[in-house]
Ligand SMILES: *Cc1c(COP(=O)(O)O)cnc(C)c1O
């Protein structure tokens, strides 16, 4: 680790690979021999075009998807996708069907409700969102035009470990906090979106990966900038894209390829997560995980200590040990370690060493 850096467990914006930050730093004043920063170049320039198209290609390659899928770059965060999805695909007689597995899943459903087109397929709210509803609990409605799931619940620390079977109803997933963290059969999804500031870059762009046949018929009566079609027909260059963010996402995608792709990163992510969960499970109840074991997230590990006073003490002492960003979300309290792709095994090991010491000193 660099001497003046910390281990950053923030949920988003979140830690980025040091290698990528350094590359950006090196290229900042003179990108690709242009004598300008990437932030100062026209989005119609050939130097930018290469960055834009390579990022799209690398994302598709990492996901193992072919020419029947498109990658779109959209602003407004994952939160705008909550509204765009029902606007583009639902109607009074074709509802958006939602699995409520946490706060972002519920916010997505709320946007469909505002438009009068939302129905609920399952919910784990009564269980404090400690679990992901199972396949046999999903009541996919017959009039659904899609099933929406939040694949990793950043705040509660739960994650899907199966791909829902929908009997032909298009599957839409918010993967903001686990995008490109493990290999999946992505061809089972019609549309995946992810705000990149969790796992893939700086805040400012949302990646949408969609089946072309699913998005080619956006309705005509919604604003141009809210139609998926606009982005796919114009290569996400209908208006000025967030060029610097896309450039950073491209750098992270190529870093991921150098790590060995999604299979290699998933192995590392699984090792990091089990290190943490093992310490929680062997703490004789000092640390209590929020998620049920079979729904545990590999990306956000949520847990509590015996008292709120101890939690505050833990956070303060962790910070003194260069372990930052582990306070839980304000809506649920407790602690949360976000251990995205760019968090090293060493970083997680430092945290678990600290947890063991803290327990010994405070039990
Ligand atoms: C952070 C997050 C969001 C919200 O993302 P914004 O880009 O801030 O709108 C939505 N869904 C999930 C799963 C998230 O983690």
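Glycine too: its Cβ is placed from the backbone N, Cα and C atoms.
Curation does not apply to TrEMBL; its annotations are automatic.
As annotated by TrEMBL, domain 'Aminotransferase class V' applies to 6-350. Along the domain 'Aminotransferase class V' (6-350), the predicted structure has mean pLDDT 97.
According to its DSSP assignment, residue 44 (L-glutamate binding site) is coil. Among the features that TrEMBL reports, L-glutamate binding site is placed at 44.
Within its own chain, residue 174 (pyridoxal 5'-phosphate binding site) has 78, 81, 82, 104, 105, 108, 148, 149, 150, 151, 193, 194 as residues 6 or more apart in sequence whose C-beta sits under 8 angstroms from its own. Taken from TrEMBL, the feature pyridoxal 5'-phosphate binding site covers 78, 79, 104, 154, 174, 197, 239, 240.
Around the Cβ of residue 198 (N6-(pyridoxal phosphate)lysine), a 10 Å sphere holds 27 further Cβ atoms from the protein chains shown. Look at TrEMBL and you will find 198 tagged as N6-(pyridoxal phosphate)lysine.
Figure note: comparing Cβ neighbours within 10 Å for the binding-site residues 154, 197, 239, 240, the maximum is reached by 154. A Cβ distance below 6 Å to any atom of ligand 1 is met by none of the binding-site residues 44, 239, 240.
For the recorded site, residue 174 (pyridoxal 5'-phosphate binding site), the DSSP three-state label reads strand. Of all Cβ atoms in the protein chains displayed, 21 besides its own lie within 10 Å of the Cβ of residue 104 (pyridoxal 5'-phosphate binding site). When the binding-site residues 44, 78, 79 are scored by other C-beta atoms within 10 Å, 78 scores highest.
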